[in-house]
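What follows is a single structure, written as structure tokens, with notes after it.
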Amino acid sequence: MLKPLIREPDCVTTDKPDSIIINVDHGSPITPLQTRSTSTATTSSGSCSSSSSGSVTGHAGHTRKPSSDRPVSSSADQSSKSNKAQSFKSSNTPSAAKSSTPSAIQSKSSNGSSAAQFGSSSPARAQSRSSSQVGVKTGCPKTTTGNIRPSSSVSSTTRTKPSVKSSSALQQHVQILPGGNLFPSGKVQITGMTQEKPRSMALGPGSAKSYGYGSIIPGNNLSPVKPTRTSGSSSSSSVLPLAIRSSSDAEIPWKVALYSSNSEEVKRIGNDMFKKGCFTEALKLYDRAIELSPSNATYHSNRAAALSSLGQIGEAVNECEKAIKLDPKFARAHHRLAFLLLRLGYVDSAGIHFYSVAEPSDPKVVKMLQQIDRHLNKCTYARRRGEWNIVLTEVSAAMASGADSSPQLAMCKVEALLKLLRLDDAQRELEFVPKVEPLPVSYAQTRFFDMICEAYTYFVKSQMELALGRFENAVTTAEKASEMDPQNYEVETLYRNVRSITRARDRGNDLYELERYTEASSAYGEGLKYDPSNATLLCHRADCFFKVGMWESSIEDCNHALLILPRYTKPRLQRAASYSKLERWAEAVSDYETLRKELPYDKQLAESLFHAQVALKKSRGEVVLNMEFGGEVEEISSLEELKAALTRPGVSIVHFFRASDPQCKEMSIFMDALCVRYPSLHFLKVEIVKCPAVGDAERVRVVPTFKIYKLGIRMKEIVCPSKEALEKTVRHYGL
């Protein structure tokens, strides 16, 4: 709240008073004001105490008339007021008035400097100020803030009763500051005045005199005036739901429009929301406009724009078709539909609508149409010749040029990646194929690469299912494609090949179960004739080759399968086993270590890796201390058993634990995992409650405790480690 700055007129005093309490009434018991003098050296010969009958309103020239129920001052008070005013008038000099300047500086003096302080409107405030009472020199016949009525009462703290004399002109400015908090109306009496009955004050709506940020009007428990609606005013909020009436002001306009009966106004607000990027709100408004006027083509066209911005391309196309049906000469609807069809990859249909009514005004649209058409033509020719790298390049360029919502172009990209044996990339691309639902009926029979659009989608999906080894799904999707486009040669060929591959796979599996591996490999070979890059059939045949001792052929098929599916674990495991049979230990260890990263808890894999590592060290002439595969944590029950275990070759990890301790239980489970991960190490555990002699001999005081031994010599001790710290240490000694 702003603090008003009041400049008091100049005064002429002769003596220097001690401290005088002056209680001033400012017309409102709500906000007492505190006045402090800005001068530091004043002289006065007398002081007086007075109370004001006016009010400080914060506006120059505003005075408050006394109410009828305010106590009337006595004749002695009025005569005192008249004498005081004459004394003030005679004490002013022209030089003093000329030298006065505005000031907003507050100062507190401790060496007899003069300060002014108005009394609080409550007895408690008056008592709190009794220790710092100062005098106020007021010698001006007129005020800009109210009328001052002197009082005959003088503070008891005044040392002498000086008389007012005119000795010198001294400039002084007084700043009025709020001196207290707002109090409830009717409970605060004005100091220095007597009242018969406390007056209740009420905050008004602003029709009375203004006191700062509100109006205070006297009354008897009056409540604030409530605004009333005139008979001629009307508001749509009276018919709105409660949820809308309680919304913020920023949201009300478009929500109000939803209940309007003026379709043009609803459309206008919908356009405003669309320009702001609020497409969902704009769509609701366009729906309302269509509800009010279903035959308006503009509303349907605008709704198509909102749907397109929300990614609902299929519904947007349908809305544009409705708009064109209502108004065949509506150029904007034709151009909007052409642009949507261009995004879907329907270049021919887009060109028809672009030039059906009027040529497009934007040359960028024409350039986009030409670029997409050129890329699609190159893609078609490259696909016929089997140049899949060019197909991938051209289809990516077409999508980048504007056909970004075409499911057929996305599926063409997937097909190119499949043919290039980039199955992982094809899987990722398949996840981001645009979905256009519902597909416009008028474009369902449009051909793409001489296939019906939806049939081509199933055509590519069937190839993906086949490459991933999901033969039954491949047959189902190929059958759907054949039903949609039975006359297409590519679709029929794929359907026939998928069924032949599935039959070959089933026959090979039956022969493998009968351990007729040679015949099974031949059956898998029959399926590979139709799809030479099928990783699943290659892996099955590699397994058959391994069973009959054809390890080189097995490695060759595994290499081919891993080229197509690098993350396929089965052919890598088969290849590692074939390397071991051929004593190519380095390649075997490399494959096993790669598999350990993907299958860290496979015990059989860990044992195979251990034996391959031992054989590799022997082939290099290195000394192998530990020839036994651990794989399990060995429990120690006596001190002699522990000593015997620690003397074995290699590194031993001993876990001292207590079964009732939760942290020990958690670390015991982690030890089991480490035993599988590092099979070349010996893992031991000792329960110190069952074997106190072992705990005492090893001086174990805190559990869990881990000790690492090498050839019976303690290398390191870890007390209460984290899982990460323990594995780091184990890995260090396991190398």
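Cβ from N, Cα, C; glycine included.
Automatic, uncurated: that is what TrEMBL annotation is.
Noted in TrEMBL for the protein shown:
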type	residues	note
COMPBIAS	1-18	compositional bias 'Basic and acidic residues'
REGION	1-170	region 'Disordered'
COMPBIAS	37-60	compositional bias 'Low complexity'
COMPBIAS	73-103	compositional bias 'Low complexity'
COMPBIAS	104-119	compositional bias 'Polar residues'
COMPBIAS	120-133	compositional bias 'Low complexity'
COMPBIAS	149-168	compositional bias 'Low complexity'
REPEAT	263-296	repeat 'TPR'
REPEAT	297-330	repeat 'TPR'
REPEAT	455-488	repeat 'TPR'
DOMAIN	650-731	domain 'Thioredoxin'
Quiz item: Other than its close neighbours in sequence, what residues sit by the repeat 'TPR' (455-488), given a CB gap under 8 Å and a spacing of at least six beyond its ends?
Solution: 407-408, 411-412, 414-415, 418, 423, 426-427, 430, 448-449, 494-495, 498-499, 501-502, 505, 531, 533-536, 564
Quiz item: According to DSSP, how is the domain 'Thioredoxin' (650-731) divided among helix, strand and coil residues?
Solution: 31 helix, 26 strand, 25 coil
Quiz item: So what pLDDT does the repeat 'TPR' (297-330) average out to?
Solution: 92
